[in-house]
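Asker: I'd like to ask you about the structure that follows.
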Amino acid sequence: MGKKTTVGIAILGHGTVGSEVLRLMGEYSEDLTHRIGGELEIKGVAVSDLDKHKDSPAAHLMTTDAMSLINREDVDIVVEVIGGIDYPRQLVLAALKAGKSVVTANKALVAAHAAELAEAADEANVDLYYEAAVAAAIPVIGPLRRSLAGDRVKSVMGIVNGTTNFILDAMDSTGASYDDMLAEATRLGYAEADPTADVEGYDAASKAAILATLAFHTRVTADDVYREGISKITAADINAAKNAGHTIKLLAICERVGDTVSARVHPTLIPRDHPLASVNKSFNAIFVEAEAAGRLMFYGNGAGGAPTASAVLGDLVGAARNKVHGGRAPGESTYANLKIADFGDVSTRYHVDMDVHDQLGVLARIAEQFSNAGISLRTVRQEEKGENARLIVVTHHAYERDLAGVVEKLKSMDEVKSVNSVIRLESE
Ligand code: HSE
């Protein structure tokens, strides 16, 4: 390997990201050649429908036969920007097995099949890069794989989904409902026609799995990540959060808990002066805390054609340099092999909102349920609500298992008309 002067590139996909990758490769070509020490040459672009792209400036490079393109002798690096899991998995595995380095922006693929892909890359002694898979332009995979390789990461916590951050931020600033702000996000092009992956937290859970794997040198898949989306967050939740000096964000939280790793994605209350509270619109931000480095924060554009293409090109330069000069980038390592924490053992604080009968002794009986479970209360706020009262209880740290038990008991009490929401709360 090494000593090449031109590096052959196959691009799989020509959507929002693929077309930007091509455009920027053209625009920055001279700079890229200097930075690589060799020239990038696009050998082909695989698409599913040639007609759809017949007016593209890259039409002459297009093919529907992705597998043949990958296997061409003169292709050294394959860039996968198709999306989905099964079909790109076949292509990426074929590319790695054929000795091509791979750059992918596909978080769902990496989160579901990282072990298999990493093994194939190791066997073929090629690179597998995926900076764009988490928070697009924000460099966070590189820092975890390289810059923090000498440190011990304690936690990674952040806003890794722009669609949900846009919706929650819009609900917070307008007081409007979730449905109205989802419609607004769709109208403005932030939310997709089927928003499930974003609003139900699947996209964030894939990113959490990737971050946790790298941070803790332990295999974490999307299935290991506890996940709750934002679709049940109401204007009343947002308003209650505001009244208590908080805002609600969908956070991905990956932590070492003793000798285990926990990864979770859920709506989270944070104080309005928390640095993540000021991350608005569709921006992303990720906090990393490491033993020696202390706290680091990464902020920027977590989606979009050009920001995602920026991360893809950064990886492409790295992979191409290695093709020209030899060597391999640091891959992931999973040597620590920590256990995935039982979700019941995760501890945080909770904001429990319920409607209760406004009668003598009700508050005491509710408080008793918490104290019986060993959960200490931090604040209790009561508001008039017709014949009933709305009670908002904020706990000190408690285990998920204990809190879940209390919520079940509360729901069965005659005094409690409804438990409206249980939202976790993190402070700095
Ligand atoms: N759909 C994601 C988001 C971007 O809304 O942030 C791609 O991961």
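One is the number of the first residue shown, and numbering goes on along the chain from there.
Keep in mind that glycine also has a Cβ here, set from the backbone N, Cα and C atoms.
Bear in mind that TrEMBL entries carry predicted annotations, made automatically and left uncurated.
Sequence annotations record features per position, and here TrEMBL assigns NADP(+) binding site to Leu12, Gly13, His14, Gly15, Thr16, Val17, Gly18, Ser19. Under the heading NADPH binding site, TrEMBL lists Lys107. Annotation source TrEMBL lists L-homoserine binding site at Glu192. Per TrEMBL, the feature active site, proton donor maps to Lys207. Residues annotated as domain 'ACT' in TrEMBL: 351-424.
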Asker: Using the centroid of the Cβ atoms of Leu12, Gly13, His14, Gly15, Thr16, Val17, Gly18, Ser19 as reference, list every other same-chain residue with Cβ within 8 Å of it (recorded NADP(+) site), in sequence order.
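Answerer: Surrounding the site, in chain order, are Ile11, Glu20, Val21, Val81, Ile82.
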Asker: For the domain 'ACT' (351-424), jot down how many residues DSSP puts in helix, in strand and in coil.
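Answerer: Summed by class, the stretch gives 24 helix, 35 strand, 15 coil.
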Asker: Within a 10 Å radius of its Cβ, which of these binding-site residues (His14, Lys107) has the fewest neighbouring Cβ atoms?
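Answerer: Taking His14, Lys107 as the binding-site residues, the minimal 10 Å Cβ count falls on His14.
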Asker: Between Gly13, Gly15, Gly18, which of the binding-site residues has its C-beta surrounded by the fewest other C-beta atoms within 10 Å?
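Answerer: Counting other Cβ atoms within 10 Å of each of the binding-site residues Gly13, Gly15, Gly18 gives the minimum at Gly15.
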Asker: Among all the protein chains here, how many other CB atoms are within 10 A of the CB of Val17 (NADP(+) binding site)?
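Answerer: Val17 (NADP(+) binding site) is surrounded by 27 other Cβ atoms within 10 Å.
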Asker: On a count of neighbouring CB atoms within 10 A, which of the recorded positions Ser19, Lys207 is highest?
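Answerer: Selected residue: Lys207.
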Asker: Quick one: what's DSSP say for Gly15 (NADP(+) binding site), helix, strand or coil?
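Answerer: In the DSSP reduction, Gly15 (NADP(+) binding site) maps to coil.
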Asker: Looking at the recorded positions listed here (Lys107, Glu192, Lys207), whose Cα lies nearest to that of Gly13 (NADP(+) binding site)?
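Answerer: For Gly13 (NADP(+) binding site), the closest Cα among Lys107, Glu192, Lys207 is found at Lys107.
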Asker: Can you tell which of the recorded positions Lys107, Glu192, Lys207 lies nearest to Thr16 (NADP(+) binding site) in space, using Cα positions?
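Answerer: That would be Glu192, the closest of Lys107, Glu192, Lys207 to Thr16 (NADP(+) binding site).
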Asker: Please report the DSSP secondary structure of Lys107 (NADPH binding site), reduced to three states.
Answerer: helix
Asker: Show which residues of the chain containing the residue listed as 'L-homoserine binding site', separated from it by at least 6 in sequence, have their CB under 8 Å from its CB.
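Answerer: The list for the residue listed as 'L-homoserine binding site' reads Thr163, Thr186, Asp198, given in order along the sequence.
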Asker: Can you check which residues sit near Leu12 (NADP(+) binding site), meaning Cβ under 8 Å from its Cβ, same chain, 6 or more apart in sequence, and list them in order?
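Answerer: Set apart from Leu12 (NADP(+) binding site) by at least 6 residues yet with Cβ under 8 Å, we have Gly18, Val45, Ala46, Ala66, Leu69, Ile70, Val78, Val79, Glu80, Val81, Ile82, Pro88, Leu91.
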